[in-house]
Amino acid sequence: MQAKRNIMNKRSISVIILILFFGTLFGTLVGELLGFLLPDSVVKEFFLKSIDFNLGGLVGSETGVITLDLIMLSIQFGLTLTFNFTSIVGFASAYYFLRYFR
């Protein structure tokens, strides 16, 4: 009976990733809304200061995209992740939710 209960308490990895993703997305949304509401100041700059990671930067592309040129067809792949203070707070809140609310 105890083993069956432990299996039921475990979450799948896809649910964990989805909850952490939406927590980060919610934190980013809150940060952008605070950016609109706050006047120009150091506090606004703190909330809006972000770090960007892009797919093109991994392969040395300056534009942030990877281009696959097949003469007749050209495909561009691009992915940029932007993190700011409130997105990290949202991620931490989602982690807290996962950790303590089973």
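Placement of Cβ uses the backbone N, Cα and C atoms for every residue, glycine included.
Panel annotation: around the transmembrane segment (12-38), residues 44, 47-48, 82-95, 97-98 of the same chain, lying at least six beyond its termini, place a Cβ under 8 Å from a Cβ of the stretch. Per TrEMBL, transmembrane segment is recorded for 12-38 (among others).
Here TrEMBL flags 77-98 (among others) as transmembrane segment. Remote same-chain partners of the transmembrane segment (77-98), defined as residues 6 or more beyond its termini with a Cβ less than 8 Å from a stretch Cβ, comprise 11, 16, 19-20, 22-28, 30-31, 34, 46-56, 64-68.
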